[in-house]
């Protein structure tokens, strides 16, 4: 049983995510948290496996965000893929801004333009693979290790 538990997402984290969407007075049973823990872990494995297969066929060793977006779409999760493409775009933009702020004064504007052009091409490629929509899904980009969901009603 210990080995199986090590392969699952931490149940406390799953419970915290579940509580974010519920009213403050709502309760979640241990069974519900464990069920969602297994479902979320299986979903991650399913999508990652599809992305990994694509990388293997392309003789690549690293699964990236574009591969995850492609896998979501290939598996029929188009709405999720479109939302993740938007998130990935915002994440890359935040990372570029962070890098630009750290490197201010140490690099030339030409270097920055080259980086922006290569990242922009990658983002366009992702959007062409998955497509875009006016779906109101929204994500906030946070530092690594932190998670946040924005509710849309």
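Every residue, even glycine, has its Cβ placed from backbone N, Cα and C.
The domain 'Transcription factor CBF/NF-Y/archaeal histone' annotation in TrEMBL covers 9-72. Looking only at the domain 'Transcription factor CBF/NF-Y/archaeal histone' (9-72), the predicted model's pLDDT averages out at 96.
The region 'Disordered' annotation in TrEMBL covers 94-153.
Annotation comment: TrEMBL describes 100-109 (among others) as compositional bias 'Polar residues'.
The compositional bias 'Polar residues' annotation in TrEMBL covers 128-137 (among others).
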From the DSSP assignment alone, can you count helix, strand and coil residues within the domain 'Transcription factor CBF/NF-Y/archaeal histone' (9-72)?
47 helix, 0 strand, 17 coil
